[in-house]
Amino acid sequence: MKLNTNSNAYTITYAAVVVVIVAFLLAFAYAGLKERSDSNERIDKKQQILAALNIRNVDKVQTEDKYKEVVMTDAIVNAKGDILKQGAQKDQDGFKVDRKSMSSECLPLYVCKVGNETKYVIPMVGKGLWGSIWGFVALNADGQTIYGAYFSHESETAGLGSLIKDEPFQKEFQGKKAYLNGTPALKVVKSGTVKDANTECDGITGATLTSNGVNDMIHEYLKNYQAYLASLNK
Amino acid sequence: MSFLSEKNKQAFVTPLNLNNPILVQVLGICSALAVTTQLEPAIVMGLSVTIITAFSNFIISLIRKTIPTRIRIIIQLVVVAALVTIVSMILKAFAYDVSVQLSVYVGLIITNCILMGRLEAFAMTNGPIASFLDGIGSGLGYAWILVVVGGVRELFGNGSLMGFQIIPQSFYDAGYVNNGMMTMPAMAMILLGCVIWVHRSIVKDVDNN
């Protein structure tokens, strides 16, 4: 007997079977690979934090050790400047807060020691042209000047907006003033229109919307962390 | 049927030139415009499309006789999407750096017209091995156009290739400037047009194919 592949019953059964098989395959693949990909993600996040501290190209195997050596605590603060969690275990409190759950009531803060100097790394997240963008910005012990920065993105245009992920763009932030007269001052401006080299960084030619996204993101998070960072000098 | 029969060879070779997915079938143009600002993403995208086209062609060809005609497009799409998702999960677990680079393209691969085009036109009516080879051929045919356009755009738009500076500093000192137009998608369209033009003037019998 030859099966009638055009009958309604066959079509519906076929569709159902295919969907179930695919669903199982996906579920198995996800569950089986979850542990490995989670650990990769953890290492990647640690590498990003280290990159903000200008410690780049750390080998995967050495990342965990280097992170433990440099990062002292991963506290959680809020926008009023209160410390909510101390984060003594280095990757159990602030580190576990993912990008989507950051809010003015839950702001991770990494206190780090590079050489003998204390640095503060603040994470940030914002919107680029196509998807989300995020970054880590390291500030000096005074909480006012930028020590280093790292940015990355989900799906910005390759070769244009995606350049925020590269070192040349991130290097521009080093040594800039984050705050002036008590308000966030750091800006990303249209490429070639920097007027005040103390606070302004060149945007990326041809990627105005991504550059604006970085600018807005920095402004928002500098505002969030302002109360805490200002209290460092008292 | 042996692996290297004349028919299989044809399935592999024609998409590279005479039946090129971009030049002749004019498929996959949108992604060709999006990822060709630089050489590296062009190569990565070309290779990923090659792999996915080959395997989805193979799978669809295996089950082609069981697929109900009325829902064949949906089944094809489900297979492609599942394949791409599983591959990206495997990459995430075993080659994290590659998966981060690819993240932008995963969505573009699923919606790439070449995939659906080859599944519909070839895999539904041919055997698994021929389909697999056709997938590889189509993918590589797509890849080499991407590489040509990506190379030209990166060279004249940024003065570099694969991120390495090619045009020496002395040129810039003498007044040479990078062509900003090259980084715009519109220029990719024009370049693609030029490639098709050159191709058609060399290969005269395209329209009879």
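Note: Cβ is positioned from N, Cα and C throughout, glycine not excepted.
Listed features, source TrEMBL:
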TRANSMEM  B:12-36  transmembrane segment
TRANSMEM  B:42-63  transmembrane segment
TRANSMEM  B:75-96  transmembrane segment
TRANSMEM  B:102-119  transmembrane segment
TRANSMEM  B:131-152  transmembrane segment
TRANSMEM  B:180-198  transmembrane segment
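Proximity of the transmembrane segment (B:12-36) to the transmembrane segment (B:131-152) is established through 3 or more Cβ-Cβ distances under 8 Å for residue pairs spaced 6 or more apart. Beyond the ends of the transmembrane segment (B:180-198), by six or more residues, the same chain brings 22-23, 29, 32-34, 36-37, 145, 148-149, 152-153, 156-158 to within a C-beta distance below 8 angstroms of the stretch. Highest Cβ contact count with the transmembrane segment (B:42-63) among the listed stretches B:75-96, B:102-119, B:131-152 falls to B:131-152 (criterion: pairs under 8 Å).
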